[in-house]
Amino acid sequence: MVQILHISDTHLGKRQYSLVEREKDIYDIFSQLVDIAIKEHVDVIIHSGDLFDVSSPTTNALVMAIKILKRLKDVNIPFLSIPGDHDTPKRKGYLIPHNILSELDLIKILNYEKPYIIKGIEVYGIPHIPTVSKSILVSALSALRPKSSRSILLLHQGVKQILPYDGSWQMELGSLPKGFGYYALGHIHTRWRLTQDDGSVIAIAGSPDIMREEEIEGYEKFGKGAYLIDFSKDLPILSTINITVRPQKVVTINTKNIKKDILTIRDDLIEHNKSENNKPILHIIVEGERMRKDLLYKELLPLNDVALYYRIYKDETTQTVDNLSYTLPRDKGLDKIIIEYLTKYEKFSEDEANLILQMIKNVESDEIVNEILKKLTGVNL
């Protein structure tokens, strides 16, 4: 029996919304995947790119990667990978972070010139090739000739049929070379799989955690985790491995019923947190009439102790203005014009307007801006 764990887009070191907790989540998810590999006695792990979130990962990210990968080495499970776009330096002459792990004999970096052989299965890999170099990708793909269907190809590219936006894809499914039994794709964060007429499988493992809010819908439909591949015969048989991640939710509030909406969300989260250890992240859509941001954030304060983090994801409020016109006076300086506009039309007090003016003048100083925002909203940033 030959078992392979296919994972991708782990983005080690990513600190979503600058939250230390999210960086720890990412390491924990990677560790869980290694736990699964060891428990299932897999013969190899294949990783389809974006092992790290950036091409120059922090010391923390490197140390955690080394610690976790050492556990695989201790039980003789090889870790095969290709660099993704996040792993790849944008300047020539710089090494990918994988080289450090390779020097420590913790991973094998795949290429398309010579396969890695594991129990008779050929494993090829093509590193991420950017859109401007599509011709290089096409050439590399056309040169591949596996000996049999007991073969795997790792890629980290945008695929037109899945990402049909200008500049987001570098290849089409029809460009995949014939003859492989399993095509292990990365780059796209939502799971996807297709069994072709010849029995071969094209599979996107997806990211094992929710890296962006647009992944929430896909997570709710398909889950997050990995694919466990049984390659004992000529063609692969896939099983879906799901893992538990910190929940992220898109919620909607209306400024007309803002207190009621927020309390409803709060009550739901209190109930959720009774059975879950991980407080969720909220992506808030605001509807209704326009509301001053400082007042809006004050209304959101009841969510502070039930959510790890919340943000205004979409502001879909509208402003009703009756015959509003504003002529810039010629006898006043810019400061006075700004103060007058903020107090007369935005209904700020004069003190608040002065604070906003100071924030505008010191926009390049995060420290000053954050201090002023604290005064305006009463929220620690």
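Just so it is clear, glycine is given a Cβ too, placed from its N, Cα and C backbone atoms.
If you check Swiss-Prot, you get these features:
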{"type": "ACT_SITE", "residues": "H86", "note": "active site, proton donor"}
{"type": "BINDING", "residues": "D9, H11, D50, H189", "note": "Mn(2+) 1 binding site"}
{"type": "BINDING", "residues": "D50, D85, H156, H187", "note": "Mn(2+) 2 binding site"}
Can you list, in sequence order, the residues of the same chain other than D50, D85, H156, H187 whose CB lies within 8 Å of the CB centroid of the Mn(2+) 2 site?
D9, S48, G49, P83, G84, H86, D87, H128, Q157, G186
Name them in sequence order: residues not among D9, H11, D50, H189 whose Cβ is within 8 Å of the mean position of the Cβ atoms defining the Mn(2+) 1 site.
S8, T10, G49, D53, G84, H86, G186, H187, S207, M211
H86 (active site, proton donor) versus binding-site residues H11, D50, H156, H189 - nearest by Cα
D50
Excluding near sequence neighbours, so keeping only residues 6 or more apart in the same chain, what lies with its CB under 8 A of H189 (Mn(2+) 1 binding site)?
D9, G206, S207, M211, R212, E215, G218
Please determine which of the binding-site residues listed here (D9, D50, D85) has the lowest count of neighbouring CB atoms within 10 Å.
D85
Separation of alpha carbons, D85 (Mn(2+) 2 binding site) and D50 (Mn(2+) 1 binding site) (Å)
7
Excluding near sequence neighbours, so keeping only residues 6 or more apart in the same chain, what lies with its CB under 8 A of H187 (Mn(2+) 2 binding site)?
S8, D9, S48, G49, D50, G84, D85, H128, L155, H156, Q157, G158
One finds that other Cβ atoms within 10 Å of the Cβ of H156 (Mn(2+) 2 binding site) number exactly 29
Assigned conformation of H86 (active site, proton donor) - DSSP reduced to three states:
coil
Which of these recorded positions has the least crowded Cβ, counting other Cβ atoms within 10 Å: H11, H86?
H86
